[in-house]
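Shown next, in structure tokens, is the structure this report addresses.
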Amino acid sequence: MEAMRRLRAQLPMAFGDERGEEKKGSTGVQRKKEEKENIRVGPPRPTVGPSTEGVEEESPESSQDTKQLGLPISSETSLVGHRKIVSAVAVDRAGARVATGGRDCQVLLYDFGGMNNNMTPFRHLQPCGAHPVRFLEYEPHGDTLLVISGAPTAALLARDGTELGQTARGDMYVRDLKNTRGHIMALTEGHWHPSDKNTFVTSSEDGTLRLWDPELLQKQKMVIKPTLVRPGRVGASTCCFHPNGRLVAAGLTDGSIQVWDVGAKTGQSAAVGLVAPPKEQMVSKQDWKYVLQPKRVVRGAHQERETISCVRITPDGNQIVSRCTDQTLKVWDIRNPGKPLADFSGLPATYEQTELCFSPDGQYILTCTSADESSAGSLVFFNRQTMQLVKTLRMPGHAVRVQWHPQLNQIFVGCGSKDEGSTQILYDNNLSVRGALLAVNRKARKVADAYVEERPVIYTPHALPLFREEPPLKRRKDKESVSMPQQPTDTSTVKDPRSMPQGKLLTQYLLKQRGMVKQTDPSEDPRNVLLARQEEIDRSEPTYTKAYSKTQPNPVFAGSSDEDD
């Protein structure tokens, strides 16, 4: 033991110089901690290179800046399948399925768990007929998908795409829209309640917002009407819930933003004053509530003839961010919305569904821009604390919808043009988890050519001459005898039924004894007998010319003329 101690004392504690190897003062616990920090998080980098059509080529400095910002934008892939621009994107809470809708009136469902690197959908749906899809959103506490289209009714779809029902449609002849049971014009947007799974809100071009119960789609829960400066009808182009669920904000086509408190006191009766509505406008049970007075109003937030494409409330509930087709994005204080906190301009927005969203921690504001003559469509990042532009990424075509999923830490951007549409997925191999990483690493199965036939020909059994068998001689004769045509019978040899032996009935016997049954020649033709008898009758007693028998005993018939010929 003493020798071993002396030997250990003579050996050096570390090998190599101080630059490339471990430091003398580092302990084993510290080394394990450093190794754990250097371990790569998430799946390895995909062998099949993802598409980089929209992501800008980053220099080492910009790549380092991106890592410092914590943006998952180092890699990109795309979901294909739409024939026109993608105008709606929704991801379920777990991040397993993605639903996209476009102006081609289709809803496509993608499953990351069963999808390969081809990124194709597993189901095509057209739940709203010929109406373009404007907005999609999954229920926060389930798998029900809310579909908003150009129709006045909203549709609910199950996880597999089965339709669960549609909301009621209102009466377009009712003047006061709070007296009807549904929307009468095209819907613009809809959202689920953040905490109540039995409530969702819809906005429409008819100027109203309505709250619904997914279990009772033919019965609305509440009607919200905005206050207007002058009489008329102003449409609601967008809407959203406050994170606490008590407030509902909407952007109107007159350029104003209004916020209502749906948890406060509301009206119960839909009657207008003491004057009862006409009988045609009466509804059997008007048991829904209505809200008329907003809690916050921002007049002139945007230009009057422009469309407010998106309104969102920050995760902390203190600010409202609005996006408009007048190429601006504005940030408002929800407690004192008199003057905007920030005003960003030069953001083209051709489509009325151009969206904005927030990062999961609420630090960044993301918005889409459309392509114009001077620039391409892009995804823009703003820092919410400094109110400064942080990053701009190019996108193929026009960028319309954007969603940052908090569980996957991946960004979904709906973009495209009038000829094609795609959903771009931005992710990072170290910062993102699951989602697109599962699909890009999974190659499509290669089908063997020997088992593939483009147009297979199916033959019926024993149809080819090679497999035909001659039938036996007896069956052949039976077939010929059956198939031979039957010879016509000779009427001259047929006996008269009356000449045949009569039966033993009493009636037949009495007729025969009294001579009432005349015996005829069987070989005689009945037709000739009747014709001969008719000639004799005509000579003796003419039937039709009896009145002219004295004045014109000999009939005179008209002769043929050249005109008749």
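Cβ coordinates are placed from backbone N, Cα and C, and glycine is handled just like the others.
According to TrEMBL, the region 'Disordered' annotation covers 1-71 (among others).
What TrEMBL lists as compositional bias 'Basic and acidic residues' is 16-39 (among others).
Look at TrEMBL and you will find 79-111 (among others) tagged as repeat 'WD'. Residues 119-138, 140-141, 143, 145, 147-149, 157, 159, 161, 351, 353, 397-398, 400-403, 405, 407-408, 410, 412-423, 425, 434-435 of the same chain sit 6 or more residues outside the repeat 'WD' (79-111) yet have a Cβ under 8 Å from a Cβ within it.
Here TrEMBL flags 180-213 (among others) as repeat 'WD'. Long-range neighbours of the repeat 'WD' (180-213) within the same chain, counting only residues 6 or more positions beyond its ends whose Cβ lies under 8 Å from a Cβ of the stretch, are 131, 134-135, 137-142, 146, 148-154, 167-172, 174, 219-226, 233-245, 248, 250, 252, 260, 262, 281, 283, 288, 352.
Annotated repeat 'WD' per TrEMBL: 241-262 (among others), in sequence order. Using DSSP to sort the residues of the repeat 'WD' (241-262) gives these counts of helix, strand and coil: 0 helix, 12 strand, 10 coil.
Sequence-distant contacts of the repeat 'WD' (301-336) (same chain, six or more residues past either end, CB-CB distance under 8 Å): 237-244, 247, 249-257, 259, 342-358, 362, 365, 367, 382, 384, 387. Look at TrEMBL and you will find 301-336 (among others) tagged as repeat 'WD'.
The annotation compositional bias 'Basic and acidic residues' is assigned in TrEMBL to 469-481 (among others).
Residues or ranges marked as region 'Disordered' by TrEMBL: 469-502 (among others).
Annotation source TrEMBL lists compositional bias 'Polar residues' at 483-492 (among others).
According to TrEMBL, the region 'Disordered' annotation covers 515-565 (among others).
Residues or ranges marked as compositional bias 'Polar residues' by TrEMBL: 542-554 (among others). Cβ atoms under 8 Å from those of the compositional bias 'Polar residues' (542-554) belong to no residue of the same chain, restricted to positions at least 6 beyond its ends.
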Taking every residue in the repeat 'WD' (241-262), what is their average pLDDT?
93
